[in-house]
Amino acid sequence: YVTYISLFFFSWDETHFGKMGSYYINRTFFFDVHPPLGKMLIGLAGYLSGYNGTFPFQKPGDRYEHHNYIGMRGFCAFLGSCLVPFAYLIVLELSKSLSAALLAASILIFDTGCITLSQYILLDPILMFFLMGAVLSMVKYNSCADRPFSAPWWFWLSLTGVNLAGAIGVKFVGLFVVLLVGLNTVYDLWELLGDLSLSLVTLGKHLLARVFCLILLPLALYTAQFAVHFAVLNKSGPGDGFFSSAFQSRLIGNNLHNVSIPEHLAYGSVITMKNLRMAGGYLHSHWHLYPEGVGARQQQVTAYLHKDLNNLWVIKKHDSNTDHLDPSCSVEFVRHGDVIRLEHKETSRNLHSHQHEAPMTRKHFQVTGYGINGTGDANDFWRIEVVGRKAGKRIKVLRSQIRLTHLATGCILGSSGKTLPKWGWEQVEVTCTPYVKETPNALWNVEDHINPKLPNISLDVLKPSFPEILLESHMVMIRGNSGLKPKENEVTSKPWHWPINYQGLRFSGVNETDHRVYLLGNPVVWWLNLVTIGLYLLMATCTIVAIKRGVQLTVEFKELSEVLLHSGGKMMLGWLLHYLPFFMMGRVLYFHHYFPAMLFSSMLTGITWDTLLKFCAGCLSCSVGKRVYTYGTLALMLLIVYSFYLFHPLSYGMVGPMASDPNSPMAGLRWLESWEF
Amino acid sequence: ISDRSLTKPFCRMLGFLKQPVVVTAEINMNLVALTVMGLVNRFWALSYPRAVVFDEVYYGQFVSLYMKRIFFVDDSGPPFGHMLLAFGGRYSMNVPIWSLRLLPALSGALCVPLAYQILVELHFSHCAAFGAALLILFENSLITQSRLMLLESVLIFFILLAILSYLKFYNLQKCSPFTAGWWFWLLLTGVACSCAVGVKYMGLFTYMLLLATAGVHFWHLIGDQTLSNVSVFCHLLARGLTLVVVPVAMYLSFFYVHLTLLYRSGPHDQIMTSAFQASLEGGLARITQGQPLEVAYGSQITLRNVLGKPVPCWLHSHKNTYPIRYENGRGSSHQQQVTCYPFKDVNNWWIVKDPGMQQLVVSNPPRPVRHGHIVQLVHGITTRYLNTHDVAAPLSPHSQEISCYIDYNISMPAQNLWRVEIVNRESDTDVWKTILSEVRFVHVNTSAVLKLSGASLPEWGYRQLEIIGEKLSKGYHQSMLWNVEEHRYGKSQEQKEREVELHSPTQADISKNLSFMARFTELQWKILTLKNEDTEHKYSSSPLDWITMDTNIAYWFHPISGAQIHLIGNILTWASANVATLVYVCLFLWYLLRRRRKICDIPEDAWRLWVSAGGLCVGGWAVNYFPFFMMEKTLFLYHYLPALTFQILLIPVVLQHLTDHLCRSQLPKNMFSALIVAWFSSIYLVYRTFSPLTYGEPILSAAELRALRWKDSWDILIRKH
């Protein structure tokens, strides 16, 4: 359908996903906010086409040189070009009208945005492929409804499930298409339930078939792809820090891999404590004092992200200063609810808190290192507690989530996540929070543990099981996603910008001499889509009110209204489900998030205009009507093709002066001031 | 037909002449009793404690600002609620506590008869309606909330009023549409809805629910083919007018009154734009009043950033230069710093200069600066030119550094030409206006745009805000827009004289008026987008805690006597309400599925009643509860109270349904009634047990308090002796 031109430059997010493809080939562990399927497929495509994973992907605009990247790009482009036949088949199936299908397909062929987006190594073409695949198979199995439990019915039903798994496996946006299919299925079952000719047993079979194909199968596939992800990525890499200590012990090359340490905490143990918030640091202290004017002038306590000797603390009893490592003493384990004192190993000061305000978070208390050689005061006492455990139980290394409550003030030791100024070496602030809340900020776990008197056990025993790592990686992904907040004073794309094609996204090239690619929808197509949504709502309301008022329709019009309400309704629902949720998202949004919704909107355009033209033709006499229908369709097609001819340089690359310059080939096409090409 | 319909009212009009005037009053003693009980229960020792309790601090401040007519912005909601509270405080002498708490208490008390009426209008028995009212009466959390100067009880009152008037309207719809009563209740629905939204934005949820219900009912009306097309259209028009147009108009009128009443400048001025501030009496208006409107070559101006985030600030420069090397080793131009400074200062003054001329005074007649003109900006005190080079900015290395140019003679010529682009222009030849015009400064050589990055400079920049030249301007953002705030035509030729002139206050002679709509839009936008930084509060909770009441809020604590007031509900009512919701949803699904298979367990009428009552109560609970899961602001238990009210109304609905349809014979019916009586008495008992925490008296001992801590997660303050 479409021929794609490859470029020698790589652009924008290719730095991101291309690099992740390389990680798969090199088997190094990384962290990304999206599920792994898309990147895994990119990596696979690269591997099969002979890419060796060595290109650094540092900044947009670098040349690929001799690296073999065509495989990865070709793969994405191929999936992107599949969208066109998918749209054609969906609309054909829904409206049974060839011209509607052709219209929808031509919109996607000649949309500059879709072309640009599928030319590069991005997740979006993969996502859209699975998404359209799911819709196509859903539509197909719906039309098999008269032959339930036949081979094609089973085939399309299970294919829907497979595609759903693919869609959520690429990006969480895939959940919206799951919702669409889910609603469609509920409606389907509701219809079956109302059919009194079906026995309850048959209904049960229908229900089970759907539960199996649309819930269990996708879940199994989704889990399987995570299993592959964890199996492939077994080397330590840049993503380690995002995960808990137990998770890290799985990775080859990580310092927690294959080590053996004592399992239960005992008095006299030397430990490091890691904060449980994502990318939280180790509890740290050093000789430097808090500067004048910042609370009490005592030794700083911070959270530090790297391994260091200053992260080591010794657990002592709160009331005695005996050396527990003395061979004559017997081993005494630390138990849930004990009152302890934490002594910093290098400086021999105690972890201390008092009612001075913390340096950055003013409502919290300051945490300091206090005392000389372990003798301090009553403000050095902390109660150690394990979340969800009863009193008197021992405390486990890595596994136990520990909370340290300050005895005198009742506050809880936590890391606020704020970076200290230069006097604190830009480490992370540690405070004592008076608000008793169950957040990972206030929870810690013991990572290193040295106690010569206890038997070491291999950490393999503590290795998390697959369900645990699955759960953890989801938690980290969700937190990562909600952490992508726009900064203040930063220009961000707003959801209302998208359907009106207000602003595009610069893919590569800035200056006049660069090869510039700009992601922007074909404005004629997009505005046509926008108008069509209004038109559709108007037509649907008129039709539905007319039917409700009991207007008698001819057979022909009845069929048309059926197509308009049911098929158009499905597409409308798809558009709404893929568009409206973005208004409620707090994270950074980009223009390309609209493209799944745009696919539905394009198919809706095909159906609506075809219905409208047929309706007009039906009202007129036979020969005139036919002519109106043919010419109308043709005029729309020509409009789309011509606008593509005008705007095609956007996606195939522009060289030369900017559009504001009258010499540019794009001069006069910058219809909105906010377009930057 | 027309003949009869004309003569009939005429006859009726004359009818009163033939008969004596008789007034027959029908008084529902249930209603009276309930109202009296509600009043007693909410007004009991209302002025105790004589202290500011919890959020009364904020509302008290707003009320006093109202009294003084000082403008303020409250991001928690629209102004109608504050206005009502201030109205209560208006007729008070020296101790306003009682009168300030009067209105919330009154609305809380009236919720009791409203609940009764709602169930009656839903066609439930008087017994069930009485039960619903009693449950509301004995709900400790609602009592606490309505006895203090807080807005939730007012909100709940308006919500219930809206529901009740819609039900009255709907019941009239079947027999007598377009009568006076019909119009009255329909109009009251719209008015109550707008009042609810005007008190707190939460009212929007119930408004939406009512709109949806009205939509469904209207849909049935469309299907009614006995009605002509015209009358269907009239119905639509009437509903559109009363349920959409009237509320919107009312909402606007709240703001109109608010803005008319508060005409003095006050503590929140800084949040608003210069144009808004200039429309208030005092404050900025005192300075800007009468300054020249059109910026001309030679004008002396201060430039304020339009965004106002993180703090409102003015373009500023001072003698100090950028450090030669930053801490991270990058180099700078070592030229004079340009920052954004959040305080008024003589260093905020700039002079607009024509690049083609040397003089820094306004010629006579003044030559105004228009959109697209190229200007130089001269810093008033140091007479250096605003400049930018291809040098990275101190904190945002992707953007250009902005400086005031110092000629070091090192092949780095000045690039100090800026193009003035008026963003909110009407035509391309618009003149740059003081306060009103929002302007972008585009650097002529590099097309960088002057922008506030939002970051604070380190020590060397005195923690002032960083100003950058954004090279890749991605569309419009308010941080790139500037407006002239203070302005005067410069007269002094000499630098010394000019400095004196800059230090002197401005004065001249034009005033600016902003239209109501412009002020409304700005205020509304500010209310919606203003965010409080501090999201942590000792008593904040998550929506999941509310449903089982795992949390409470200590409102007030007497440090000596240990008396305390808590927002804590009647735990038995909460639990029963949850059970009722669960039973309702399960039964509803069961009936629904069975009906689809054409098996009818209950008669058609009962089913319709079940759907409408449940739809309203469960729907009301759901719309007032679930949206909180998506909110990012600090949430408290009292946000759940509107949802809880709906949930409580559901209990008698479910109970009556169970007695009527599931207890077939007499014996279980009697047993069930006995159970209900027992359950009601235990609800009363729980209410009595917790009333010391609700009313703050009698004072309990530590042991008694400890005994009241029924859940470990409740935070009841026990004094240490």
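A Cβ is built for glycine as well, from the same backbone N, Cα and C atoms used for every other residue.
Just so you know, TrEMBL annotations are computer predictions that nobody has curated.
Annotation source TrEMBL lists domain 'MIR' at B:292-355, B:366-423, B:427-487. According to TrEMBL, the transmembrane segment annotation covers B:20-40, B:98-116, B:150-170, B:182-199, B:204-222, B:242-263, B:575-593, B:605-623, B:635-655, B:667-687.
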Legend entry - Residue counts (helix, strand, coil, in that order) that DSSP gives for the domain 'MIR' (B:292-355): 3 helix, 30 strand, 31 coil
Inset, instruction - Answer yes if the transmembrane segment (B:575-593) and the transmembrane segment (B:635-655) have at least three CB pairs under 8 Å among residue pairs 6 or more apart in sequence, and no otherwise. - result: yes
Legend entry - Mean of pLDDT values spanning the domain 'MIR' (B:292-355): 86
Inset, instruction - Please give the sequence-distant neighbours of the transmembrane segment (B:635-655): residues at least 6 beyond its ends with Cβ less than 8 Å from one of its Cβ atoms. - result: 111, 115, 118-119, 122, 124, 128-129, 131-132, 135-136, 139, 141-142, 145, 150, 152, 155-156, 159-160, 202, 205-206, 537, 539-543, 545-547, 549, 551-553, 567, 569, 573-574, 576-578, 580-581, 583-584, 613-614, 616-622, 624-625, 628, 676
Inset, instruction - Pull the DSSP breakdown for the domain 'MIR' (B:427-487) and write it out as helix, strand, coil residue counts. - result: 6 helix, 27 strand, 28 coil
